[in-house]
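Asks: Before we start, here is the structure in question, set down as structure tokens.
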Amino acid sequence: MLNDLVRFVRLRKRSLYSFSGNPASTLAEPLRIRMPRCFASRPAVFGSAFFAVLLTHLNTAQAADGESSTGGMSIGLVLAFIGSAAAIGTAITFYRTMRQQDEGDETMRRIAESVRQGAKAYLTRQMRVVTIYLVCMFAVLCLMAYVFDAQAPLGPFAFLTGAIYSAAAGWFGMTTATHASARTTFACRTSLDAGLQIAFRSGAVMGLTVVGLALFDVTAWFCLMKYIFPMFGYVPSLEQITGTLFCSVLGASSQALFARVGGGIFTKAADVGADLVGKVEHTLREDDPRNPATIADNVGDNVGDVAGMGADLYESYLGSMIAAMALGVAAFAASPQLQTYAVLLPLLLAAGGILCSIVGVFVVRTKEQATQKDLMSALGQGVVVSSAGVVAVAFVLVWLLLVRPTLGDSGIETSGPSGYALFGVFASIVTGLFSGIIIGRWTEYSTSEVYAPTKRIAHQAVTGPATVIIAGIAEGMASVWVPVVVIGFGILLSFGFCTGFEYADGNAFALGLYGVAVAAVGMLSTLGITLATDAYGPIADNAGGNAEMSGQDHIVRERTDALDSLGNTTAATGKGFAIGSAALTAAALLATYVEQVRLGVERRIVAEAAEINWGDQEYVGISEKLWGYRPEGDAVQGLLVVGKLSSSAEGESGADVDPALPELLDSGVVVPLREASIVELVQVFDVTLMNPKTMVGLFVGVMLAFLFCALTMKAVGRAAGKMVEEVRRQFREIPGLLEGKGEPDYTECVSISTTAALREMILPSCIGIGVPILTGLLLGVSGTMGLLAGGLTGGFSLAVMMANAGGAWDNAKKYIEAGAHGGKGTDAHKATVVGDTVGDPFKDTSGPSLNILIKLMSLVSIVFASMIVRFGATGL
């Protein structure tokens, strides 16, 4: 097995993938990529070698270090770097391979270049706006870290790397997509499979870049804080390391918010303008070159559905890993060695998922004259192979890192389940993985023209656009129940598997929350291939547009239409997956917020204790529920009052406390802050539905989801209005444009979408960032918890409804265009065009933007937790 691994490394040095045949044959057989022998002939060998090496070295490290986990940590981080390098290296190889394919004739290249330049111009201007925000937030974080001591010293810099890597992933993915569209069109001259290979593997560039850079970001920061900075006197604890990493997630989340909102406004302003004037008023075809908004529409597909979706899932992927790491530290606080392994588990699961995704990408292929079902089956096979590999990876990792070290007389202490009971963590991972698959399948059912919901909407088109809109909203609302039930059961099961289904056991509560977090990691572990299926959609859409605008033969257009139709389904499925993963990630972040509040309380105790004259006192009161404890010669530690004290034990700040403190500690009335369970922390802050602050926070969270949607919908409406006016002006003023004798001004339409998107994205973004901070300062921790819970539940349900309704409207239109109810040009077709126009901002702007909102609120609250504890109305 090891020989195969060595052979693979040697092959990789030469060229990981190569073309078959001579250069002249690449036109006849585009993108025939040959896998290395250890992948192609014996794919299990590479995986076996990977885990054999892992098992051998982890066993050696455990045997050599005993109670120490240094060796295991080092090996784990190296393996995480290997996974990251494999993803980035494969993405670069796919990109180079795609660029070697023929881009077609001069017309095809010119159209592709116009789209490419438009997308590049938009992202460049967007980054200028985002940079201003990043600089301001960096300054705020520096103020928190170095003036108020309310943030980790390295937090501001981690914030920048998170934003930069997220932007880089989006830029590289979008660049690949804009180069791949014309090449996909040209490859469709040869065969359907040739076009599928270019489009799908170009989409895989986006998926692999996202997972590779996210894993690299986490691993690099962890190595710096664990091994490098201690050489210079800064020795952070695992709690401080994970707290710093949350700043990186906040940076990625901020970038994702601007990318999603701005990209969504851009693409839908162009799409709505193109459809209303082109299709409804002048009965033009999709992507008709006479339509001035066509290029802007294609640009929007790339900046919204490639760069925007990539940034969204980058944030979910990064956030789920770090949430699992933080909750792993809390769950295994009694054992430093298990803490280390619990932190490594999400990193190694992500690395294993990357390798499984790479294998899955190579499984995807189809035959000529393939039906829509055949194409979906081809993509599904890749996902199934990757998912099966992740299940095996998860089993081995949980055995090595959690189960085996706690068996027998290992000497490792745990406050909760141990030994084989920790296989519950594996069950939680599998629960998350299958939850994502179920949500994806349900989304396909709710939006595909093959199934009843979309056909019912199309049937309503016979009576006009009003009934189409009514039916679409109704079907979208009805589609919410399955994702809600799946996420609900996913949380209950993943929590229960880790705690033995003892939901009230305070000792195992943190382990249950760790199960929820690793379930989110499990759901996103195949993101490398899952995101590839989603990013494939806009590439296929642009390929169809290029074929239409450049006047390709009927067979080429037929093949690109087949790929485009598949892309519509995968795009809808991808949105459902993104929403589900956002909900599960936000649930894990909600639990993590309590842990960050603990760190904030500790910082407050240390800061206020420094201003108190202790004298000979060993214990002093900081506030009614917080005490300071200073053992002789040690630093100040915090004590938390979780029970009822006698009046003699209460005192003002600085006063000596009841001399019977040892008895209070024994009785559990007072507990050391670091040993307090999450249940006890929530109890101290009175996070209950009977607390009016919590209730108000719930209402504000739900309201914020609706307000955010309203702002983005209005933004699309205003921008689309300007686009409609511009398209009408060009048809009116440019001689011969409708007859195909004039040349439309594509640049002006791109400029309108760009300006509108950059201006309109500012207010929703500021509200999403500012409201959690304001709520924390006014309503304290209990109000913030209510805000996050309300935003999660309300935002998740609303996002599912909007995404599924929009997808169903879109495919109802395509169902009629395929010949149902009279086909194109009929009143029924025009009615579905109106429905699709309403659905565009539903599924591509407001709905997806809610993914970012529900995660961003949690992340802002986490990063500002210490400030809220210090200056907010916490009641402590």
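Using the three backbone atoms N, Cα and C, a Cβ is placed for every residue, glycine included.
Bear in mind that TrEMBL entries carry predicted annotations, made automatically and left uncurated.
Feature list, courtesy of TrEMBL:
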SITE      A571  site 'Determinant of potassium dependence'
TRANSMEM  73-95  transmembrane segment
TRANSMEM  205-229  transmembrane segment
TRANSMEM  241-259  transmembrane segment
TRANSMEM  317-335  transmembrane segment
TRANSMEM  341-364  transmembrane segment
TRANSMEM  376-402  transmembrane segment
TRANSMEM  422-445  transmembrane segment
TRANSMEM  457-474  transmembrane segment
TRANSMEM  480-501  transmembrane segment
TRANSMEM  695-713  transmembrane segment
TRANSMEM  787-805  transmembrane segment
TRANSMEM  852-873  transmembrane segment
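For the listed features, I'd like the structural context: burial, neighbours, distances.
Replies: Of all Cβ atoms in the protein chains displayed, 27 besides its own lie within 10 Å of the Cβ of A571 (site 'Determinant of potassium dependence').
Distant neighbours of the transmembrane segment (317-335): 162, 210-211, 214-215, 217-218, 238-239, 242-243, 245-246, 248-249, 252-253, 341-343, 345-347, 350, 412-416, 510-511, 513-514, 516-518, 520-521, 523-524, 527, 581, 584-585, 588-589, 591-592, 595-596, 674-675, 678, 855, 859; these residues of the same chain sit at least 6 beyond its ends, with a Cβ under 8 Å from one of its Cβ atoms.
Tertiary proximity for the transmembrane segment (376-402) is limited to same-chain residues at least six positions away from its ends with a CB under 8 Å from its CB atoms, namely 47, 51, 54-55, 58, 72, 196, 200, 338, 341-342, 344-345, 348-349, 352-353, 355-357, 359-366, 370, 422-423, 425-426, 429-430, 433, 437, 444, 522, 525-526, 528-530, 533, 536, 566, 569-570.
Remote same-chain partners of the transmembrane segment (422-445), defined as residues 6 or more beyond its termini with a Cβ less than 8 Å from a stretch Cβ, comprise 345, 349, 376, 383, 387, 390-391, 394-395, 398-399, 402-403, 406, 451, 453, 479, 482-483, 486-487, 489-490, 493-495, 497-500, 514-516, 518-526, 530, 569, 572-577, 579-581, 584, 803-804, 807.
Sequence-distant contacts of the transmembrane segment (457-474), counting only residues of its own chain at least 6 positions beyond either end whose CB sits under 8 Å from a CB of the stretch, comprise 449, 805-806, 808-809, 812, 815-816, 820-821, 827-832, 834-835, 838-839.
Residues 416-417, 421-422, 424-425, 427-428, 431-432, 435, 438-439, 442-443, 508-509, 511-516, 518-519, 576, 579-580, 583-584, 587, 796-797, 800-801, 804 of the same chain sit 6 or more residues outside the transmembrane segment (480-501) yet have a Cβ under 8 Å from a Cβ within it.
Nonlocal intrachain contacts for the transmembrane segment (695-713), taken as residues 6+ away from its ends with a CB within less than 8 angstroms of a stretch CB, comprise 261, 264-265, 689, 760, 763-764, 767-768, 771, 775, 779, 782-795, 798, 802, 841, 845-847, 849-850, 853-854, 857.
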Asks: So which of 241-259, 341-364, 787-805, 852-873 has the most C-beta pairs under 8 Å when paired with the transmembrane segment (205-229)?
Replies: 341-364
Asks: At least three Cβ pairs under 8 Å linking the transmembrane segment (852-873) and the transmembrane segment (241-259), pairs spaced 6 or more in sequence?
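Replies: By the criterion, they touch.
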Asks: Under an 8 Å Cβ to Cβ limit, what residues of the same chain, 6 or more beyond the ends of the transmembrane segment (241-259), are close to it?
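Replies: Residues 126, 129-130, 133-134, 137, 141, 151-152, 154-156, 158-167, 170, 214, 217-218, 221-222, 225-226, 303, 307-308, 310-312, 314-315, 318-319, 322, 325-326, 329, 343, 592, 596, 599, 761, 765, 768-769, 849, 852-853, 855-856, 859-860, 862-863.
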